[in-house]
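> Dumping the structure here so I can ask a few things about it.
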């Protein structure tokens with residue numbers, strides 16, 4: 001029997017024109033997570049003594065499933081119609097070139113261009129050919145739909161043969177710092193015998209992930225503590241390094257937006273919130289206690305920009321009636337810490353924006369109870 005799974009799109013649909021009905025517009029993973037899922041999948045394929053032989057963006061599928069903590073995104077390999085078994089050396093016999101013409105390793109492309117028949121050299125396809133083309137897919141993602149080796153089929157063929165990745169310099173300098181020398185160039189090594197293995201790719205990606213994790217913590221600490229006028233540029237600098245803006249800390253499950261709304265004394269609060277959301281942070285993300293950014297903003301409400309910040313978060317799609325695991329909404333938290341001079345205006349705004357003024361927490365108390373208790 002067949003086990004089928006419906007996936008929402010393939011990788012090439014990420015970069016279609018905005019008016020194309022086939023363009024994928026759903027949630028997406030950070031590059032390092034896509035790369036790791038693909039590399040782990042390819043390593044598994046190779047561990048089963050198979051070679052894919054038709055790696056390309058169209059054969060990478062995006063699967064999205066909803067969970068209580070948001071969307072779960074999985075990247076999957078597809079189209080194993082050209083897959084072949086390999087011998088103990090990772091080689092396979094090939095009765096003619098297979099795959100898509102702009103997604104070839106140089107050793108395969110040379111055979112195709114020279115029109116040499118497979119029978120003249122019994123084994124010439126290797127698992128390393130898959131690794132090279134996986135590097136092309138990584139480059140395709142970095143370049144947002146461009147090919148690392150050119151634009152036309154002829155240019156791509158010529159440059160692959162000449163070992164000339166003409167577009168690699170278009171990748172952001174900060175991203176190249178992590179990926180170019182340590183990974184991409186090893187995957188795009190012209191000599192398949194010197195090329196990194198799929199297992200080596202997984203190991204290298206784990207090392208890169210650890211470095212990016214440190215930078216993600218740096219972003220959270222920046223949003224937690226930095227009150228300088230240079231906050232916006234510091235955030236932009238970190239994002240350029242390819243970090244996951246949605247990464248959360250292990251202790252509380254807070255992301256950068258949670259910390260920003262908790263540490264809301266910065267005069268750039270509004271611009272910083274807007275920037276984080278423009279950069280893709282999930283405005284409705286919850287921490288381990290079920291609190292979203294609006295809860296944090298109202299809980300620690302010392303900023304003179306509190307009213308504008310509340311209005312901005314709601315305009316940007318945050319759920320005004322979201323409750324924490326204790327059953328409290330933003331109005332409860334606002335009335336819990338009520339030292340802000342704008343408290344009355346903030347309460348009025350939340351009610352105007354549709355918050356349930358009579359909502360009760362798990363303890364049966366509403367916002368008025370909290371206001372009177374802490375006054």
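Keep in mind that glycine also has a Cβ here, set from the backbone N, Cα and C atoms.
The structure displayed is predicted, hence computed values, not measured ones.
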> Looking at 198-225, 226-253, 254-281, which one is coiled coil according to TrEMBL?
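Here TrEMBL associates coiled coil with the stretch 198-225.
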> Take the repeat 'ANK' (252-288) and count its residues per DSSP category (helix H/G/I, strand E/B, coil), listing them in that order.
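Split into helix, strand and coil, the repeat 'ANK' (252-288) gives 17 helix, 0 strand, 20 coil.
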> Averaged over the whole of the coiled coil (198-225), what is the pLDDT?
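Computed over the coiled coil (198-225), the mean pLDDT is 94 on the 0 to 100 scale.
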